[in-house]
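Worksheet: the structure to be examined is printed underneath.
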Amino acid sequence: AKDGDFEGPPGCLKMGELCKGGTCCTKVYKYWKWRKLECLGKNDGWFKKKFICDEPCNPXX
């Protein structure tokens, strides 16, 4: 595998993509290892949330 490779169902959403109602890929290969992807709610301005595919517990996040 190489950086940027994804695993998951066909047409799955990649890291950083908005995932409200969509399906994130299950894994992304980043920094020499497979990492889990989930649809996570991030604060987006005041009292708003956006849901993006990201690695759980990713501080940059």
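Placed from the backbone N, Cα and C atoms, the Cβ positions cover glycine too.
The annotation disulfide bond is assigned in Swiss-Prot to Cys12-Cys25 (among others). Under DSSP, Cys25 (disulfide bond) is assigned to coil, being neither helix nor strand in the three-state scheme. For Cys25 (disulfide bond), the count of additional Cβ atoms within 10 Å of its Cβ stands at 20 [all protein chains shown].
Secondary structure at Cys19 (disulfide bond), taken from DSSP and collapsed to helix, strand or coil, is coil. According to Swiss-Prot, the disulfide bond annotation covers Cys19-Cys39 (among others).
Within the same chain, residues at least six positions away from Cys53 (disulfide bond) with a Cβ under 8 Å of its Cβ are Leu13, Lys14, Met15, Gly16, Glu17, Cys19, Cys24, Cys25, Leu37, Glu38, Cys39, Leu40. Here Swiss-Prot flags Cys24-Cys53 (among others) as disulfide bond, drawing on similarity to another entry.
Counting only residues at least six positions away in the same chain, the Cβ atoms of Phe6, Thr23, Cys24, Cys25, Thr26 sit under 8 Å from the Cβ of Cys12 (disulfide bond).
Counting other Cβ atoms within 10 Å of each Cβ, the lowest count among the disulfide-bonded residues Cys24, Cys39 belongs to Cys39. The 10 Å shell around the Cβ of Cys19 (disulfide bond) contains 22 further Cβ atoms across the protein chains shown.
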